[in-house]
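Visitor: Following this message is one structure expressed as structure tokens.
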Amino acid sequence: VHLTADEKTAVTTLWGKVNVEEVGGEALGRLLVVYPWTQRFFESFGDLSSADAIMGNPKVKAHGKKVLNSFSEGLKNLDNLKGTFAKLSELHCDKLHVDPENFRLLGNVLVCVLAHHFGKEFTPPVQAAYQKVVAGVANALAHKYH
């Protein structure tokens, strides 16, 4: 992902304030609520019967945290996202058979959650930088599909 110096600063400054457990759980939970077909990959997570059940599900929260911890690694390696996410791409492609479109959806949900959490601090330029990052991460995760 090519970010300007200002964009890198904006992304890393805001990310330093992110509670990965809270934001990760909310982002994954919202993905499962807003795009219910994504739930088929999480059938082992127990009760996904309603929005409240999903948002309160400890396995959803734990996996959301895991996802954002991986995203954090990507932020440290913006110049090598494909390398950073190669093993995860392989896992999601070959073993889990996740539709790569889901990575794009999750990235967009993450941007919405960040906007909700940070309000006025999540300015249009900050959003633009994050959109570049989540698109780059989604492309890296989809890499093994091509």
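Cβ coordinates are placed from backbone N, Cα and C, and glycine is handled just like the others.
Sharing the record's features from Swiss-Prot:
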MOD_RES   V1  N-acetylvaline
DOMAIN    2-146  domain 'Globin'
MOD_RES   T12  phosphothreonine
MOD_RES   S44  phosphoserine
BINDING   H63, H92  heme b binding site
MOD_RES   C93  S-nitrosocysteine
Visitor: At the Cα level, what's the spacing in Å between the residue listed as 'phosphothreonine' and the residue listed as 'N-acetylvaline', rounded?
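Guide: The residue listed as 'phosphothreonine' to the residue listed as 'N-acetylvaline', Cα-Cα distance: 14 Å.
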Visitor: Please report the distance from the Cα of V1 (N-acetylvaline) to the Cα of H63 (heme b binding site), rounded to the nearest angstrom.
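Guide: Between the Cα atoms of V1 (N-acetylvaline) and H63 (heme b binding site), the distance comes to 25 Å.
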Visitor: Look up the residue listed as 'phosphoserine' in the DSSP assignment and report helix, strand or coil.
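Guide: Once the DSSP labels are grouped into three classes, the residue listed as 'phosphoserine' ends up as helix.
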Visitor: For H63 (heme b binding site), which residues in the same chain are close in space, meaning a Cβ under 8 Å from its Cβ, but six or more apart along the sequence?
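Guide: Listed in sequence order, they are G24, L28, F42, F45.
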Visitor: Mean pLDDT across the domain 'Globin' (2-146), rounded to an integer, is what?
Guide: 88
Visitor: Counting by DSSP, what is the helix, strand and coil composition of the domain 'Globin' (2-146)?
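Guide: Per DSSP, the residues of the domain 'Globin' (2-146) fall into 120 helix, 0 strand, 25 coil.
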